[in-house]
Every structure is written in C-alpha cells, then in structure tokens.
Amino acid sequence: SLALTVILIKAGLGLDPVALKRLSLMVLRLAFLPSLAEVVVDGVAAKLILDISWTWAFLLAFVLSVVSPAVVVPSMLGLSERGYGLNKGVPTLVIASVSLDAVLAITGFGVMLSVCFSEGDIAWIICKGPLEVLAGIAFGSACGVILWYIPQKSSKNRSLFRSVLLVGGGLLTIFGSSAIDWAGSGPLACLSLAFVAAYKWKDEYRGTGKKMPEEEVTGVLWMVFQPLLFGLIGSAVELDSLDGGTVGKGIGVLFMGLIVRMGVASLVGLKSELNLKERLFLPLAWIPKATVQAAIGAVAYDTAVEKNETELIPLGKKVLTIAFLAILITAPIGSVIIAMVGPRLLHRTQEEGSQDENSIEKNSPEKNSPEKISLEKEGHDNPALEHDAETGTVSKL
C-alpha cells in the first residue's frame, strides 16, 4: 500500500491537464469497454471450460479483468519521462483509465462475492461503485486545493513541507478508504490529490525548464519502494498452491479474455486523434495484471474456509490458482512489452535544446547553403583549388 501510494502520487504529478481535458471521453471508453468485454468473455469461458456456476465464473472474471496500476503506471511514466507519447497525451490517457478500470473490477468482484456467499445488500453494493468514484475524486480534489495554500509562500523549506503533506495526504486516502470499507475510492482520491495540487504548483516553474522539487522527492521514494512492491507481489504467488488440473484450463480462460480485451482496446481508439501506431500500443498497455489479483485473488478461498463452506472451498481454490497464474504470466510479459514496444510505436517529443549534434549540423543553414555546396563541389572536382575557411574564398594553389 505504501508503494502504491507513492506511484499514484508520482502519476498524479505527471498527468497533463490539457491532455486529460481533451481525452476525457476517451478515458471513460478505454477504462470501461475493454474491461467489460473481458469480463463477459472470461465469465462465459470459465463456465464452459472450468464447469463452474455462473456466479463463480463471473467472480473469477472480475478478478482476472483488472489491470495492475503498480505495473502499468511506472511503465508509462518511464516512457513519459523520455518524451514518448506526450504529443497526444497517451501516458495521461492510460494512467487515468487504469485507475477507473480498477474501481470497476473491485466493485464487480464485491457484488459477485456477496452473491456467491449470500451476504450483504446487493443493491447497495451496486450503487456503491459509482459513489466510490465520485467520493474519491471529490475528496482528493478538495485536499489538493488545500495544498495550494498550505504551507504559505513565505514558509521556509516550502517544497519539503509540500512533499510531506502530499505523501501524508496520499497515505490518508489509501489507508482511510480501506478502514471505512471504501477501498475503491482510495486510489482515485490519491491520484486526484496529486493532480489538483500540481495543477497550481506548476505555475511557479512554468517557463523555467525546471521540474517541481516534489516530483524529485517522489522519484527518490519510488526508487526505494519499486523493488519492495514487485518483491511483495512475487512473494504472494505460492507455487505449492497451484492446482495442476486447473492450470491449463485457467491459462486458456486468461488468454481468451486478454485477446478480446486487446481487440476492444484497439477499436476504442478508432474515433480519436490517435494514429495507427498509437492505437496499436493501447491494447499492449492493458496486458499486466498483478497487484489487485494478489489482493483479492485469495478472498473467495479465505471466505469459504472461514465460513466452513466445504463445497465452496474447491471453487475458491480454483479462483486463487488462476489469479496467481495471471500474475506469473502477464506482469513480467506486459511490463517488458510496454518498455520495448512503446518507443517504437509512440512519437517522441524532444525538449528544447535537446537536439543532438548530427541533427543540428544537418539543419544548419550554413551547412546546406547553395554557396557552400557549390564551393565544396568545385573544390572536390578541381584539386588545384583551395578553400580558405576564414575568408570563405577559393584560390588556386
């Protein structure tokens, strides 16, 4: 949770408000349509291949459908920091969509869990999902506005205080939402907090070519927490819990859903300003699954054991097994694909003054001037001519 807080803050600071406003409808389509398509395919495939009830099939589908923010967000920030995709706001589009995708999957999982174990008010659980989205965005935005004025401009070490308040506010949203059983709103609140706070802070550094000190602080924190996060995800995968009979069928269900998700994600980009290469990149960004599967994959099994529902324990074991398979297969493959394919498919925006010497020389007016070309050609054709670099004259030897 600490690592997820840091990466969500880092993502919020890096979001482009202009691109987010331009792509708001695209964010909603990309967040919900591929995920819902994968849920339907996974649910039907699980029913037919694994021969389980419809309720358990769709519970498994919601576990498998969610994309991992802890894998996708750092990968997209890495591309963003090198200038890839910034011209069309692709990193902002993917990061914002991933957060909403997680809320949808967690809400659907909660509904199906209550149906499978016949507990809780299903109507309230269904309504709670949209409320978590609104509450998370509202609370995070309000906290971000507060950080516009606290600490005061006259305060010494203002950047340090801002960083502490930013991280503290992020921790409050993540752990506070879990404490009140509104876990779906936590990541959105954390992302909104950092985004709204940075919206005002960036004005102080606009035109200077400098990064906000708060971004540097979160960058250092991420260097510490990144290996811890992925190490903990790996430790959640218990190889001895894998059921051999379920592995092959589970992989089949997983890949059927992934293929449909990737197809829908690429179609979503058709009515947008994205070019063909950028539309091909979008489905690749939806491959990694890790943190949410590690968090909720074992919930159904633990609930069955806790309630001593002996007939449901094998079903919970299947869900646990396939959730671990999803982590083992998609997390490393997805992160590698994003890192390798992103630079090939996304346009790179170079910062001012970052042109290399070759491009400067190539675009130099002096280099390409007709006079110089003719002089060089004449000197090359006639070895008896000598070009004086200082005066620019040509004389006979």
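Glycine too: its Cβ is placed from the backbone N, Cα and C atoms.
Taken from TrEMBL, the feature compositional bias 'Basic and acidic residues' applies to 359-390.
Taken from TrEMBL, the feature domain 'Cation/H+ exchanger transmembrane' applies to 2-340.
The region 'Disordered' annotation in TrEMBL covers 349-397.
For the transmembrane segment (56-79), the list of distant contacts is 3-4, 7-8, 10-11, 14, 35, 38-44, 46-47, 50, 85, 90-91, 94-95, 98-99, 101-102, 104-106, 108-109, 112-113, 115-116, 187, 222, 226, 229-230, 233, 253-254, 257, 261, 285-293, 296-297, 300, 315, 318-319, 322-323, 326, 331, 334-335, 338-339, 342-343, 346: same-chain residues at least six beyond its ends, Cβ to Cβ under 8 Å. Annotated transmembrane segment per TrEMBL: 56-79 (among others), in sequence order.
Same-chain residues lying 6 or more positions outside the transmembrane segment (91-113) and placing a CB less than 8 Å from one of its CB atoms are 8, 11, 14-16, 19-20, 23, 26-28, 30-32, 35-36, 39, 55-56, 58-59, 62-63, 65-67, 69, 72-73, 76-77, 79-80, 84-85, 122, 125-126, 128-129, 132-133, 136, 183-185, 187-188, 191, 282, 285, 292, 296, 299-300, 303. Residues or ranges marked as transmembrane segment by TrEMBL: 91-113 (among others).
Sequence annotations record features per position, and here TrEMBL assigns transmembrane segment to 133-150 (among others).
Taken from TrEMBL, the feature transmembrane segment applies to 182-199 (among others). Using a Cβ-Cβ cut-off under 8 Å and counting only residues 6 or more beyond its ends in the same chain, the transmembrane segment (182-199) has close neighbours at 4-5, 8-13, 15, 17, 69, 95-96, 99-100, 102-103, 106-107, 128-129, 132-133, 135-137, 139-141, 143-145, 147-148, 162, 166, 169-170, 173-176, 212, 214.
Among the features that TrEMBL reports, transmembrane segment is placed at 220-239 (among others).
Residues annotated as transmembrane segment in TrEMBL: 251-268 (among others).
The transmembrane segment annotation in TrEMBL covers 280-301 (among others).
Here TrEMBL flags 321-341 (among others) as transmembrane segment.
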